[in-house]
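*Asks:* What follows is a single structure, and I will ask about it in a moment.
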Amino acid sequence: MIFSTSASLFGKSQLQLNYYTNSCSKAEEIIKQQVFQLYNKHGNTAISWVRNLFHDCMVKSCDASLLLVNRGGVVSEQTAERSFGMRNFKYVNTIKEAVEQECPLTLGGPNIEMKTGRRDSKESYAMMVEEFIPNHNDSISLVLSSFQAIGVDIEATVALLGAHSVGRVHCKNIVHRLYPTVDETLNPSHAAYLKHRCPTPNPDPNAVQYVRNDLKTPMIIDNNYYKNILQHKGLLTVDEELATDPRTAPYVQKMADDNEYFRQQFSRAIVLLSENNPLIGDEGEIRKDCGYLNAN
């Protein structure tokens with residue numbers, strides 16, 4: 001399990017491992033404890049944070065711009081179409097408050113070995129979300145290009161898509177593969193299950209209609225995702241293409257065969273993603289409240 005690192009949890013100059021050893025030695029342990037407590041109480045929080053990390057880091061910088069809410073002229077990235085279904089932002093403040101009690105205005109890092117020391121954006125990039133975040137059903141070529149643009153190689157991109165082993169996909173993002181005719185690349189028996197979960201081509205946008213990515217271990221990031229897509233049970237177009245494209249298929253097979261290899265590559269990929277253009281030094285600010293810019 002990983003914690004989607006909010007830049008609001010960080011502070012000063014260059015990114016480095018164990019950044020807060022001297023200024024707040026217990027910070028990372030406190031965050032780890034909070035993450036486990038929240039995971040045990042609300043299991044989907046960890047899944048949400050994986051997606052939050054991806055959305056924040058893909059759009060210009062890992063700088064917590066995603067956490068900003070609508071207020072004072074700020075248009076939140078959370079309102080973008082690509083952000084549909086994102087949730088559990090409130091728990092970032094729960095964790096922040098726990099660290100504040102130990103080290104006021106310091107705050108620290110995640111529970112995997114990721115460098116800390118980020119600062120927070122002074123603006124939201126809501127108008128850029130559609131440009132930087134691949135669509136749910138973009139081609140594998142476009143997805144690879146998007147990740148390579150921020151320094152994530154093909155092997156790491158295949159590993160990052162393994163995050164699809166947890167969480168869920170809303171029916172509105174898969175019905176085009178089911179209606180009016182079923183996508184011929186879908187496993188027929190799985191397609192029948194999907195139509196049961198998504199019984200209409202026009203899902204109610206206000207209803208929570210969804211399908212779990214992985215029916216076997218839906219709350220664990222593991223290599224079942226790769227086993228599923230090799231059986232043509234991927235929910236999104238990109239899942240199917242990942243398993244069949246010659247650039248990615250060898251990695252898919254290797255990750256399906258070796259969960260430890262997948263975990264190593266997933267960890268490497270998360271680190272690459274988390275270090276995309278961070279704000280450091282005197283850039284940005286350290287927000288007092290994760291969702292709001294500091295008052296001047």
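The count begins at 1 with the first shown residue.
Yeah, the Cβs are placed from backbone N, Cα and C, and that goes for glycine too.
Values in this document were obtained by computation on a predicted structure and should not be read as measured data.
Straight from TrEMBL, here's the annotation block:
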ACT_SITE  His55  active site, proton acceptor
BINDING   Asp56, Val59, Asp63, Ser65, Glu77  Ca(2+) 1 binding site
BINDING   Pro134  substrate binding site
BINDING   His164  heme b binding site
BINDING   Asp214, Thr217, Asp222  Ca(2+) 2 binding site
DISULFID  Cys24-Cys103  disulfide bond
DISULFID  Cys57-Cys62  disulfide bond
DISULFID  Cys171-Cys198  disulfide bond
DOMAIN    14-294  domain 'Plant heme peroxidase family profile'
SITE      Arg51  site 'Transition state stabilizer'
*Asks:* How many Å lie between the Cα of Pro134 (substrate binding site) and the Cα of Cys62 (disulfide bond)?
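*Replies:* Each residue's Cα considered, Pro134 (substrate binding site) and Cys62 (disulfide bond) end up 17 Å apart.
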*Asks:* Among Ser65, Thr217, all listed as binding-site residues, which has the most CB atoms within 10 Å of its CB?
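*Replies:* Per the Cβ count, the most surrounded site is Ser65.
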*Asks:* Could you give the Cα-Cα distance between Thr217 (Ca(2+) 2 binding site) and Val59 (Ca(2+) 1 binding site), in whole Å?
*Replies:* 30
*Asks:* Which site among Cys24, Cys57, Cys103, Cys171, Cys198 has the most other CB atoms no more than 10 Å from its CB, taking these as disulfide-bonded residues?
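*Replies:* Within the set of disulfide-bonded residues, the most crowded position is Cys57.
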*Asks:* Hey, what's the Cβ neighbour count for Glu77 (Ca(2+) 1 binding site) at 10 Å?
*Replies:* 26
*Asks:* Applying the rule Cβ within 8 Å of the centroid of the Cβ atoms of Asp214, Thr217, Asp222, what extra residues of the same chain belong around the Ca(2+) 2 site?
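*Replies:* Filtered neighbour residues, in order: Ser165, Val166, Lys216, Pro218, Met219, Ile220, Ile221, Asn223, Asn224, Tyr225.
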*Asks:* Would you report the average pLDDT that the model assigns to the domain 'Plant heme peroxidase family profile' (14-294)?
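*Replies:* A mean pLDDT of 85 is what the model gives the domain 'Plant heme peroxidase family profile' (14-294).
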